[in-house]
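Listed in TrEMBL for this protein:
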TRANSMEM  6-23  transmembrane segment
TRANSMEM  43-60  transmembrane segment
TRANSMEM  80-102  transmembrane segment
TRANSMEM  109-128  transmembrane segment
TRANSMEM  134-157  transmembrane segment
Amino acid sequence: METMKQYRWSFALFLLIVLLYLFDQQLGRDAFFITYDNLEQMLALVPPIFILMGLLDVWIPKETLIRYMGPGSSYRGLAIAFLLGTAAAGPLYVAFPLAILLLKKGARLANVVFFLGVWSSTKLPIVLFEIASFGLTFTVIHIGISIPAYLATAYLIEKMVSDTELRGIIQKAEVA
């Protein structure tokens, strides 16, 4: 029963696709194949990410991560978060397990939130695509607005989330 409860949204969405198919076969078929393609893409990306996370968990001692990205890391932690987010590959949902790993190892919440923001829109391939598609001026404006916004958001979230809430988030993520 616990398994059914855990996957209730997946079952509900599958049922929705079946109902959509009964209502409009072409639309239901399209919805199914789009869902299938997304699931296939996710299953191709997630295992290598979890292997990489396992290696990072073993190779990088907690003390080292705390020193470079922890509470006293200052600009160095932000720089590392920026480099990790910029050099990343894959969609944003791949970044969340990595963010939890960073939090478990003692990274400062602001650095992790900043990392997620950078991952979402300033990855190197996206920046190169933006320059080619929209021009250098647009890209500079986009990044010039985004980075300060991510910084402000990161510090604001860090101020709003208590240590107890943060520990609760990490514990929930470890169980899931």
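Cβ coordinates are placed from backbone N, Cα and C, and glycine is handled just like the others.
Same-chain residues lying 6 or more positions outside the transmembrane segment (43-60) and placing a CB less than 8 Å from one of its CB atoms are 90-91, 94, 97-98, 101, 105.
Outside the transmembrane segment (80-102) by six or more residues, the chain places 42, 45-46, 49-50, 53, 56-57, 65, 68-69, 73, 111-112, 114-120, 122-125, 127, 147, 170, 173-174 with a CB less than 8 A from a CB of the stretch.
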